[in-house]
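Q: Okay, here's the structure, questions in a sec.
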Ligand SMILES: CC(=O)CC(=O)SCCNC(=O)CCNC(=O)[C@H](O)C(C)(C)COP(=O)(O)OP(=O)(O)OC[C@H]1O[C@@H](n2cnc3c(N)ncnc32)[C@H](O)[C@@H]1OP(=O)(O)O
Ligand SMILES: NC(=O)C1=CN([C@@H]2O[C@H](COP(=O)(O)OP(=O)(O)OC[C@H]3O[C@@H](n4cnc5c(N)ncnc54)[C@H](OP(=O)(O)O)[C@@H]3O)[C@@H](O)[C@H]2O)C=CC1
C-alpha cells in the first residue's frame, strides 16, 4: 500500500511535530484537534519551526512554502475519508483515545491504517477499540519530533505483517531510525527514561538536592542534554504521570510508584512548559526553579 495522505489527530507538541515531518517528507497532511484554535496554534508552531530552519540555512524558502502548502486543517473526522494513514496523538488518556477511535473509524476507508503515538498504553487494548485491529500499530515519535531520530514501532497482538511493513517504510521515509518494541507498558524508551525521571523527582521530594542541583548533576555528571526535571517539564508532567501510572498498573511493581510530588504538581495544573510552570517557572525571561 502506498501512503500519500496522512491524518494527525491532536495538534499539541507531538501532533504538530508529526505533521511537520510528514509534510517535509512530501506527504499531504490533515491536522485535527478539538477546536479551531488548537489547530491554528499547531500550525503556527510548525510555521515558527520551519522559519527557524530557513534562518539557519537548513531549508530554502521554497521548501518551507511547499511544506506548509501540504498541511491543511481538518475540522471534523468526516474529512479523513480519503486518507491512507491516520496517526492519533491526543492526550495520554486511554478513555480519550478509545473515544477518538470510535468516532473516527466509521469515516475512514477500509484500507486506511491507524497509528497511535501513545507513550505507554497497550497497543493491543487500543486496537481493540477500533474496527480494524489488524491495521493498527504504535508509531511512537520522540520529542521534539523534527529533531529526534528515533521512532519506536509496536505491533499489537492482531497487527498484520502488511501493516507492520508499511509502517516501517513510512518511518524510514521520514528519515527516522526504527526500534521495534514488543507491546509492554511504556515500550522501550519510556520503560527506561520515565523511571529515571520519577527517581529524579523522588530525589527532589526527599531533599537530596534542589531542582538546579539535580539537573546540573545529570547534565554535567552524566552528559544528558537536559536535566531530568527540565526534561519532565519539556515532556509535560501530565504525560509523565500517565506513563508512570501505566507502568505501575501494568507491571504491578512498587518500583514504578509515581512520586507524590509529581502527582501534586499535576493536581496544581503545573504541567511544565505547556502551562508555563512545572519544576521551573517559565513566565519570566529565564526559567526559575520552583523548589
Ligand atoms: C515521553 C515520550 O513518549 C518519549 C519522548 O519523547 S521522551 C523525550 C525525548 N527527548 C529528549 O530526551 C530530548 C533531550 N534534549 C535534547 O536532545 C536537546 O536538548 C534538544 C534537541 C531538545 C535541544 O538541543 P540544543 O542543542 O540544546 O538546542 P538548540 O541548539 O537550540 O537546537 C538544536 C536544533 O533543534 C531544534 N529544536 C530545538 N528545540 C526544538 C523544538 N522544541 N521543536 C523543533 N525543533 C527544535 C533547533 O531549531 C535546532 O535546529 P537547527 O540545528 O536546524 O537550527
Ligand atoms: N510529550 C512528549 O514528550 C511525548 C508525548 N507522546 C504522546 O503523544 C500524545 C500527545 O502528547 P503531547 O503532544 O505531548 O500532548 P499535548 O497536551 O501537547 O497535546 C495533546 C493535544 O490533544 C488534544 N486533545 C485532547 N483531547 C482530544 C480529542 N478528543 N481529540 C483530539 N485532540 C484532543 C489536546 O487539546 P486540549 O489541550 O484542548 O485538551 C492537545 O491539543 C500522548 O499520547 C503522549 O503520551 C509521545 C512522545 C513524546
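Glycine is no exception: its Cβ is also placed from the backbone N, Cα and C atoms.
Checked TrEMBL, it gives:
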DOMAIN    5-182  domain '3-hydroxyacyl-CoA dehydrogenase NAD binding'
BINDING   10, 11, 12, 13, 14, 15, 33, 92, 97, 119, 143, 274  NAD(+) binding site
SITE      140  site 'Important for catalytic activity'
DOMAIN    187-282  domain '3-hydroxyacyl-CoA dehydrogenase C-terminal'
Q: So the record assigns 10, 11, 12, 13, 14, 15, 33, 92, 97, 119, 143, 274 to NAD(+). If I measure every Cα pair among those residues, what is the longest distance in angstrom, as a whole number?
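A: Spelled out: the longest distance between any two Cα atoms in 10, 11, 12, 13, 14, 15, 33, 92, 97, 119, 143, 274 is 20 Å.
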Q: Could you list, ordered by sequence, which of these binding-site residues: 10, 12, 14, 33, 97, 143, have a Cβ under 6 Å from ligand 1?
A: 143
Q: Would you say which of the recorded positions 97, 140 has the most Cβ atoms within 10 Å of its own Cβ?
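A: When each Cβ's neighbours within 10 Å are tallied, 140 leads.
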Q: Going by C-alpha distance, which of the binding-site residues 10, 12, 14, 33 is nearest to residue 140 (site 'Important for catalytic activity')?
A: 14
Q: Output, ordered by sequence, the same-chain residues six or more apart from residue 143 (NAD(+) binding site) with a CB under 8 Å from its CB, or 'none'.
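A: The list for residue 143 (NAD(+) binding site) reads 13, 14, 17, 234, 235, given in order along the sequence.
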Q: Check the DSSP secondary structure of residue 10 (NAD(+) binding site), expressed as helix, strand or coil.
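A: SS state of residue 10 (NAD(+) binding site) = coil.
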Q: Taking only same-chain residues 6+ apart in sequence, whose CB is under 8 Å from that of residue 33 (NAD(+) binding site), what do you get?
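A: Result: 9, 10, 11, 12, 15, 39, 42.
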